[in-house]
Amino acid sequence: MAGVEEASSFGGHLNRDLDPDDREEGTSSTAEEAAKKKRRKKKKGKGAVSAGQQELDKESGTSVDEVAKQLERQALEEKEKDDDDEDGDGDGDGAAGKKKKKKKKKRGPRVQTDPPSVPICDLYPNGVFPKGQECEYPPTQDGRTAAWRTTSEEKKALDQASEEIWNDFREAAEAHRQVRKYVMSWIKPGMTMIEICEKLEDCSRKLIKENGLNAGLAFPTGCSLNNCAAHYTPNAGDTTVLQYDDICKIDFGTHISGRIIDCAFTVTFNPKYDILLKAVKDATNTGIKCAGIDVRLCDVGEAIQEVMESYEVEIDGKTYQVKPIRNLNGHSIGPYRIHAGKTVPIVKGGEATRMEEGEVYAIETFGSTGKGVVHDDMECSHYMKNFDVGHVPIRLPRTKHLLNVINENFGTLAFCRRWLDRLGESKYLMALKNLCDLGIVDPYPPLCDIKGSYTAQFEHTILLRPTCKEVVSRGDDY
């Protein structure tokens, strides 16, 4: 439209310019000359309009080209958007989609840092965590195989119904695996036991994404040395230093929603203990292999003892038969309950009770060069609220306050004095003793064999799922 108006204006100017020229051609104007002039003007006016039209056509052509290019760009962007949707990398339209895609690409899938600091739940944003080692159940006493469980539709449905529970265990187990791998990269002689425990626990809290009673540490880090087999963690002021000739049992736990992973291993620097570690690891794996639905607990203990006692170890020129520590054992695990009632012996005898479908067990074995029996020794550091205790009236305000702190932060999970210190508690020893005397809290002092002996431990958590047995804490290390 603008092009047409421009052409008309241009024609008017031509008329004004031509009038003087026409008048100069003659003084008298005849009708014929006037007609000629009129035709000439009309012709030139047409030419001007034609020129304007050409310009309009040119502009229209340019607009068409631009529109075509724009459509082409839009089609290309839509194609890119479709590709992004297929890859799950973007959900915007056109340029916005491209921008989103770039942003996501830049961020990428999260990977673990060194040292580990990214929570396990962030590494697996879909909420599905790595499974442990899945094993077929052992044959029954009459020789029948348990392979049918893996294909049974009923058992598959039951297994799927508890998937959320199994998944909580797997998240806690993955945190345990990554923490212990990290610990093995830096633990060395010369470090204090407090330094080792605090560094381990700090990492564990990050990976499990500690959140009150919903996620966190299941019990204090055990770092029992030499003849001490279990339940030692340093209290404030403990100056014990890890030595080259020490044999250290690292036993720590993680939990998600009270689903506890109880898993332990032994650290040594002197190769003279290698056979002792091999014996205990073999015994633990034997216990795991024998465990299963309808298996008697005493049969598991008998198999463990047989394997462990088949080993002899020479330390400093003296030969010892490796003995299982008879008054230590594995145990069933319940929600927020590390010892849920059933015990898995590591020697012949014990309960004839059977393992049941859906149960969770900590299979742990302890080997010793001493008597193979432990007793309470040293200062107590581990405590745990009694799971079955009812309401007990408390008079002392300090004791009441401490119980509230325990209920809010630990519930029925085990804790240690260092953790009370960390919460800002002070002068609590009398209140803690009072809670123990009332039976509300149980103390768990360090358990030791005779002085001069050496003890080792390995432990895994297993899930007795309807379809198979899952060694959920299994890793590449053990």
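Glycine is treated like the rest: Cβ placed from N, Cα and C.
When Swiss-Prot records Asp251, Glu459 as binding divalent metal cation 1, the matching candidate from Asp245, Asp262, Asp449 it lists for that site is Asp262. Just one of Glu302, Glu364, Glu425 is listed by Swiss-Prot for the same divalent metal cation 2 site as Asp262, His331, Glu459, and that one is Glu364.
Among the binding-site residues His231, His331, His339, the residue whose Cβ has the fewest other Cβ atoms within 10 Å is His339. Checking Cα-Cα distances from His339 (substrate binding site) against the binding-site residues (His331, Glu364, Glu459) with a 10 Å cut-off leaves His331, in sequence order. The Cβ of Glu364 (divalent metal cation 2 binding site) has 26 neighbouring Cβ atoms from other residues within 10 Å, across all protein chains displayed.
Put simply, Glu364 is the one of the binding-site residues His231, His331, Glu364 whose Cα lies nearest to the Cα of Glu459 (divalent metal cation 1 binding site). Same-chain neighbours of the divalent metal cation 1 site beyond Asp251, Asp262, Glu459, judged by a C-beta within 8 angstroms of the site's C-beta center, are, in sequence order, Gly222, Phe252, Gly253, Cys263, Ala264, Ala362, Glu364, Gln457, Thr461. A C-beta separation below 8 Å, combined with a sequence spacing of at least six in one chain, links Asp251 (divalent metal cation 1 binding site) to Thr221, Gly222, Cys223, Ser224, Ala230, Asp262, Cys263, Ala264, Gln457, Glu459. In this view, Asp262 (divalent metal cation 1 binding site) is surrounded by 27 other Cβ atoms within 10 Å of its Cβ, with every protein chain counted.
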